[in-house]
Amino acid sequence: MSVLCLCCVCVYVCVTSVYMSVPSVFRLCICLCMCLCCVCVVSVLSCFILQATSRLLVNYLEPYRSQILDFLFKPNFGASLHILKVEIGGDAQTTDGTEPSHMHYENDENYFRGYEWWLMREAKKRNPNITLIGLPWAFPGWVGHGKNWPYDFPDITAAYVVNWILGAKQYHDLDIQYVGIWNERNYDSKYIKLLRYTLDKNGLETVGIIASDNLWEPIAFSLLLDPELSAAVDVIGAHYPGTTTVLEALETHKRLWSSEDYSTFNDEVGGGCWARILNQNYVNGHMTATISWNLVASYYEELPFGRNGLMTAEEPWSGHYVVEPPIWITAHTTQFSQPGWSYLQTVGHLGQGGSYVALTDGKGNLTVVIETMTHDHSVCIRPPLPPFNVTSQNATFQLKGSFVSSSETNSSEGNDGSFTLNLAEDEVYTLTTITTGQKGSYPEPPASARFPKVYKDDFSVRNPPFTEAPDFADQTGVFEYHINLTDPGPHVFTLRQVVTQRPVTWATDADQTISVIGDYQWQNLTVTCDVFMESVMTGGVFIAARVNKGGQAVRSALGVFFWVFADGTYKVTNDIVGQTVLAEGQSGTHTYGWFTLSLTVKGQFASGLLNGFPLWQNAVVLTPNNGWAAIGTRSFELAQFDNFAVVAE
């Protein structure tokens with residue numbers, strides 16, 4: 001690599017401490033002098049949207065939805081994100097819900113399902129230079145030919161992924177710059193090579209491959225042993241690396257990214273975690289991009305990893321949202337550097353704890369980011385954080401060459417281009433020549449409010465802006481708006497469960513499909529819905545109350561589940577699996593006919609109506625005490641729902 005030296009910078013780190021009762025002050029000054037050298041291209045920050053974590057965002061009304069998007073993507077306003085990484089939906093549970101695939105079935109293609117396309121367009125509208133990345137977590141069942149494995153037919157899997165990239169361009173004018181393999185699961189070298197070949201064959205030579213979105217090893221070792229594989233991979237992406245890398249990864253001379261990180265509750269401690277790893281991922285591990293899971297906590301908070309986003313927007317019904325500390329921690333870096341800037345060799349740790357990095361655009365601009373996060377105020381959810389100490393200290397920076405004349409600070413400044421900062425604990429400082437940064441703001445959003453106690457949806461939307469109904473959060477299966485052309489009556493517009501084969505899963509999806517909605521604190525409520533089964537004899541549907549689990553734990557969800565089946569029977573169970581039976585009997589239900597189910601739960605008793613008449617009464621419900629309402633099916637099967645309603649006390 002050629003070295004371009006613009007000038008020399010001397011960083012004087014001066015640590016001031018008072019040793020117990022000794023009145024004298026000890027000063028230790030360390031001088032680090034390095035040339036400003038381009039050492040690697042950097043995409044400094046990114047956001048990560050995946051696993052249905054922005055499910056509720058799309059349901060916000062204006063102007064609040066646009067305000068949230070501005071805080072995330074608008075340059076020089078909020079987080080000003082450089083990268084958006086999205087899930088390539090695979091019809092399966094991927095942490096907090098399912099995202100629909102662009103190909104539910106082998107002969108099916110639809111590039112308007114879900115909200116990822118919309119989110120990428122909105123991000124691109126605000127920042128045309130944002131980098132877009134796609135990564136699969138799961139795949140439709142047909143890709144694996146019935147196996148929970150996507151690599152037996154690598155040509156099919158590669159074509160499936162490439163179709164998504166081509167569809168992004170054809171239907172949304174979105175250029176995907178990078179694509180991953182299979183999130184946090186085994187990679188297959190043959191598949192990676194074939195994916196590279198398939199991309200090139202379809203004119204996508206500029207789309208880079210990230211591998212393997214898991215650990216540094218064994219992918220780094222594989223790249224060193226296999227030149228053809230190395231030629232196919234552009235970036236090594238590791239998850240939650242703890243700010244360190246391994247020698248083999250460095251020896252590949254590939255760009256190293258923390259391709260998923262953070263995943264921490266977004267309070268001040270979460271902000272401290274984010275500040276520490278943003279700097280130290282490069283200082284310790286030479287990682288030039290750090291990707292946050294997740295972008296915005298816009299999912300029901302009681303799902304796994306509640307509020308683990310850069311900001312919180314989980315109440316579309318009220319319009320309330322919160323700009324959390326990680327947004328402004330992000331801005332310290334993203335507003336004062338851009339992809340294409342270079343880290344300097346002048347980076348490192350401060351003498352009394354904390355770290356600093358320096359970046360340049362090679363055109364005379366300089367940004368220095370300093371963090372002094374203490375251990376207890378910067379613990380991330382993973383990996384475990386070893387003990388360390390940080391104390392307040394003085395840092396003196398001396399700029400030479402072209403940077404001297406552009407140096408402006410409010411601290412004590414010397415005539416030789418030096419200035420001294422008193423660095424307190426748990427703070428972030430940005431020193432920069434960039435003058436465009438700002439802390440954007442909007443008027444306070446509406447006050448927080450709980451989910452409405454009376455809720456109705458008849459799904460009568462002729463041209464819905466999204467394929468999913470508002471506020472429903474699919475946890476297994478995919479529930480989409482449907483136009484029922486065969487029904488001449490009141491059920492033309494319905495909600496339909498459309499996944500008919502168990503996907504190649506990433507998590508432990510339930511064997512039943514389920515979509516939850518409402519207030520997790522609901523205890524006493526009535527749920528009503530019209531249902532329509534489409535699987536002869538084997539079909540089954542349910543409505544439910546007090547559902548207590550979703551996400552990766554959905555398979556063990558408890559609640560009150562009122563089932564009717566195509567064989568003319570019904571069942572009431574205390575769990576989604578159907579093992580704990582509270583009541584059962586004959587119902588007269590069948591396929592291709594509409595039935596109205598009503599479930600009332602009050603205290604420790606539950607009752608059910610079929611078509612307005614009592615079918616069962618006073619089933620004893622000991623647990624759980626509260627939870628969401630839900631709809632779902634017995635298996636991966638087609639079924640329709642209409643006129644959903646909840647009345648909660």
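For all residues, glycine too, the Cβ spot is worked out from N, Cα and C.
The annotation transmembrane segment is assigned in TrEMBL to 25-50.
Annotated domain 'Glycosyl hydrolase family 59 catalytic' per TrEMBL: 51-335, in sequence order.
Taking Cβ-Cβ distances under 8 Å and a sequence gap of 6 or more within the same chain, the neighbours of Glu184 (active site, proton donor/acceptor) are Asp213, Asn214, His239, Trp506. Per TrEMBL, the feature active site, proton donor/acceptor maps to Glu184.
Annotated active site, nucleophile per TrEMBL: Glu260, in sequence order.
The feature domain 'Glycosyl hydrolase family 59 central' is assigned by TrEMBL to 343-406.
Annotated domain 'Glycosyl hydrolase family 59 C-terminal lectin' per TrEMBL: 474-648, in sequence order.
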Open item on the list: Let's check the environment of Glu260 (active site, nucleophile): how many other CB atoms sit within 10 Å of its CB?
Closed with: 26
Open item on the list: Looking at the domain 'Glycosyl hydrolase family 59 central' (343-406) alone, can you tell me the average pLDDT?
Closed with: 90
Open item on the list: Can you work out whether the domain 'Glycosyl hydrolase family 59 central' (343-406) touches the domain 'Glycosyl hydrolase family 59 C-terminal lectin' (474-648), with the criterion being 3+ CB pairs under 8 Å where the paired residues are 6 or more apart along the chain?
Closed with: no
Task: the domain 'Glycosyl hydrolase family 59 central' (343-406), counted residue by residue under DSSP: helix, strand, coil - done: 3 helix, 22 strand, 39 coil
